[in-house]
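The following features are taken from Swiss-Prot:
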type: TRANSMEM; residues: 13-33; note: transmembrane segment
type: BINDING; residues: 51-80; note: NADP(+) binding site
type: BINDING; residues: S191; note: substrate binding site
type: ACT_SITE; residues: Y206; note: active site, proton acceptor
Amino acid sequence: MEICTYFKSQPTWLLILFVLGSISIFKFIFTLLRSFYIYFLRPSKNLRRYGSWAIITGPTDGIGKAFAFQLAQKGLNLILVARNPDKLKDVSDSIRSKYSQTQILTVVMDFSGDIDEGVKRIKESIEGLDVGILINNAGMSYPYAKYFHEVDEELINNLIKINVEGTTKVTQAVLPNMLKRKKGAIINMGSGAAALIPSYPFYSVYAGAKTYVDQFTKCLHVEYKKSGIDVQCQVPLYVATKMTKIRRASFLVASPEGYAKAALRFVGYEAQCTPYWPHALMGAVVSALPESVFESFNIKRCLQIRKKGLQKDSMKKE
């Protein structure tokens with residue numbers, strides 16, 4: 001009763017502030033507990049329930065290679081798709097030496113070349129197989145930060161062709177097989193550059209292409225969820241790979257192996273996710289900052305990358 005009397009004696013504006021503050025605190029605590037459950041307690045799906053075969057594009061280096069080893073460890077057979085036959089053989093031999101029971105098929109496909117011919121080979125390779133998982137990992141970025149007017153036509157074409165057209169057409173080739181069996185999982189590799197930060201200056205075409213992948217995936221997630229197909233876009237930030245040109249992993253920079261292990265725990269859940277929890281933490285910090293503050297920092301960082309890239313280019317010419 002005393003509490004009720006106390007509240008009644010307070011001005012209306014103070015009561016409104018109290019209610020709004022309580023809601024904000026409750027929302028923060030709920031988000032924190034939910035995130036803890038998702039990243040540390042939620043069980044992963046049994047990936048073999050989708051099927052016994054998995055397709056991975058871009059499996060010869062970095063994240064794609066780590067995905068291949070993780071899936072082989074979980075007992076799935078692999079169809080590896082990349083442009084370099086020698087690298088495909090090397091990664092296949094490495095996987096077989098560690099997981100001798102794994103069946104591996106390879107498809108040579110240049111995503112910057114004749115995509116339709118490559119897609120035709122993929123269709124032929126999956127005929128009669130219960131392909132349950134597709135990981136659209138093949139992608140490319142800029143060699144270094146550039147103003148949009150400095151980006152040459154070849155780079156623009158390749159960025160769109162590999163990141164957009166390749167992902168779209170490979171998905172369209174594999175999806176009918178999954179629909180027949182009414183089960184499957186499609187994982188498209190997006191980027192935090194398109195989903196976790198306000199803008200990604202000096203990488204505009206790359207960010208735009210990955211934004212397409214993100215929205216494309218969300219639409220497919222809604223279209224095919226009732227058909228038993230789980231479609232997901234994963235949006236990491238920094239991973240130590242050749243594409244990012246980051247050599248060493250750290251707390252905020254995932255190793256390919258660390259990322260792939262975390263990523264597979266998220267398959268079958270959200271339409272969009274950031275599996276490596278330090279990346280999600282970075283995204284939360286960025287979203288809490290005023291856009292102008294983050295953009296000021298990011299522009300300085302990108303201009304430093306651009307300066308180093310131009311210096312390397314000039315040294316090559318000499």
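From the backbone N, Cα and C atoms, a Cβ is placed for every residue, glycine too.
From a predicted model like this one, the values you see are computed outputs, not experimental measurements.
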(request) Please report how many Å separate the Cα atom of F67 (NADP(+) binding site) from that of the residue listed as 'active site, proton acceptor', as a whole number. (result) 22
(message) Between S191 (substrate binding site) and P59 (NADP(+) binding site), how many Å separate their Cα atoms?
(response) 18
(request) Note down the number of other Cβ atoms within 10 Å of the Cβ of the residue listed as 'substrate binding site', including every protein chain shown. (result) 25
(message) Roughly how many Å lie between the Cα atoms of I79 (NADP(+) binding site) and Y206 (active site, proton acceptor), rounded to a whole value?
(response) 27
(request) Tell me the Cβ neighbour count for I63 (NADP(+) binding site), meaning other Cβ atoms within 10 Å of its Cβ, over all protein chains shown. (result) 27
(request) Using a 10 angstroms cut-off on Cβ to Cβ distances, just flag whichever of G51, P59, G75 is the loneliest among these binding-site residues. (result) G75
(request) Out of the binding-site residues I55, I63, G75, give me the one sitting nearest to Y206 (active site, proton acceptor) by CA distance. (result) I63
